[in-house]
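Report on one structure; see the data block that follows.
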Amino acid sequence: MSNVTVIGTQWGDEGKGKIVDWLASRADIVVRFQGGHNAGHTLVVGDQIYKLSLLPSGLVRGKIGVIGNGVVVDPKALMTEIDRVTAQGLVVTPETLWIAENAPLILPVHGALDRAREAARGDHKIGTTGRGIGPAYEDKVARRAIRICDLAEPETLDWKLDELLLHHNTLLAGLGAETFTKEQLKDFLAEITPRLLPFSCQVWDRLDEARRAGRRILFEGAQAVMLDVDHGTYPFVTSSNTVAAVAASGSGVSPSSVGFVLGIAKAYTTRVGEGPFPTELHDQTGRTLGERGHEFGTVTGRPRRCGWFDAVLIRRAVRVGGVSGIALTKLDVLDGLDEISICVGYELDGQKIETFPSAPGAQTRVKPVYETMPGWKETTAGARSWAELPAQAIKYVRRIEELIEAPVTLLSTSPERDDTILMRDPFED
């Protein structure tokens, strides 16, 4: 029996929500280990539609949900989300939701700085959601973050707020934005502290006990490898590491506890916001993929850019992300296309290359080298076994496996939870 870690392998929005929900029904504990409330997904359970950004997906299946120390927590957003799902019938208590006491908080000053800096960038925006994720991670690394455990120590909180405001107010004033007083932040924290503190605990200790007891743990990643602050399309990335190794450091478990790493990838590629996108399609095919795939951001509502499957990027994600197998989603969106292209390499300044460059200028200059395959006219929507798939769709999946150097262990053929073909059980690996 193994634990399972789920990560995205593209630029997010790969359909992690459905896959995590599908796996969560077989797990005992579901853990968020990085990111904040800047990414979200939609889960459908019976006649209820849940939109989650911070809460672990397992809560909708009656499992224990964990927010690890690697997550930056906006307490206001968290309480709003808890109130919303509670009104829908979910039970969210300190027994069902554990939050790491050493998780850093996102305060109103972080969002204000995030938005002020993005506005000041003019034509060089990086596409931040303006929710304070980046500034909160900056504070963590600079050792001035307010952590949940600080709320229980008024004296500690007092001097840490002084240090935090000295930094942030200097930046805000320099950007011509409104500054904050200590009283404003104290009032904000005083309001949420009674609700937040009961959920806080030593998550690392509880997870270690669960592991020793043989309980199945599902680690739920946010964003994706190509948005990783080190390995993604920097600076058009998120502010945290998103690879599977962070499941350990972001929740306080040993590296060996990460288990089977399931990378999620769409059968094509999408991206929200700014940044390089070698296989982006600006034609009718791109628009068709967006319309069929309902490609709009869960959190931002922004339309996603669409393009062909990029095997070069996924192969990189497999290697740096530690991916054991791929869950390929939205295969049905490709139904009916005459031809389907896969990016198998790039051209950069007239030379062929087999890996994606790190320099921003080179990333924007690469041109995709495509391999084209015939499409299929039959439908794959709702298929639940290989026997139900068109022969050409199977060839497409097999070619992807060859190019990314990893097996497709799970195939999703519609947004419905049970429209899933399982080739290999990650929990039994």
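The backbone N, Cα and C atoms fix where each Cβ goes, glycine too.
Predicted, not measured: the structure shown is a model, and the values here were computed from it.
Annotated in Swiss-Prot:
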ACT_SITE  ASP13  active site, proton acceptor
ACT_SITE  HIS41  active site, proton donor
BINDING   12-18, 40-42, ARG304, 330-332, 412-414  GTP binding site
BINDING   ASP13, GLY40  Mg(2+) binding site
BINDING   ASP13, GLU14, GLY15, LYS16, ASN38, ALA39, GLY40, HIS41, THR129, ARG143, GLN223, THR238, ARG302  IMP binding site
BINDING   THR298, VAL299, THR300, GLY301, ARG302, PRO303, ARG304  substrate binding site
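All features noted in Swiss-Prot, drawn onto the structure.
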| residue | record | Cβ contacts under 8 Å, 6 or more apart |
| --- | --- | --- |
| GLY12 | GTP binding site | ALA39, ALA222, GLN223, ALA224, LEU227, ARG271, VAL272 |
| GLY15 | GTP binding site | ILE264, LYS266, ALA327, THR329, LYS330, SER412 |
| LYS18 | GTP binding site | HIS41, LEU43, THR329, SER412, PRO415, ARG417 |
| GLY301 | substrate binding site | none |
| ARG302 | IMP binding site | VAL272, GLY273, PHE296 |
| THR413 | GTP binding site | LEU331, ASP332, THR380, ALA381, GLY382, ALA383, ARG384, ASP419, THR420, ILE421 |
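Using a 10 Å Cβ-Cβ cutoff, ARG304 (substrate binding site) registers 20 neighbours. Largest Cα-to-Cα span within the IMP-binding set ASP13, GLU14, GLY15, LYS16, ASN38, ALA39, GLY40, HIS41, THR129, ARG143, GLN223, THR238, ARG302: 34 Å. You'll find the Cα of GLY40 (Mg(2+) binding site) roughly 14 Å from the Cα of ARG304 (substrate binding site). Restricting the recorded positions ASP13, ASN38, THR42, THR129 to those with a CA within 10 Å of the CA of PRO303 (substrate binding site) leaves an empty set. Checking Cα-Cα distances from ARG304 (substrate binding site) against the binding-site residues (ASN38, THR42, THR129) with a 10 Å cut-off leaves nothing; none qualify. Within the group of binding-site residues (GLY40, PRO303), the Cβ with the highest number of other Cβ atoms inside 10 Å belongs to GLY40. Cβ neighbour count for GLN223 (IMP binding site): 28 (other Cβ atoms within 10 Å of its Cβ, all protein chains included).
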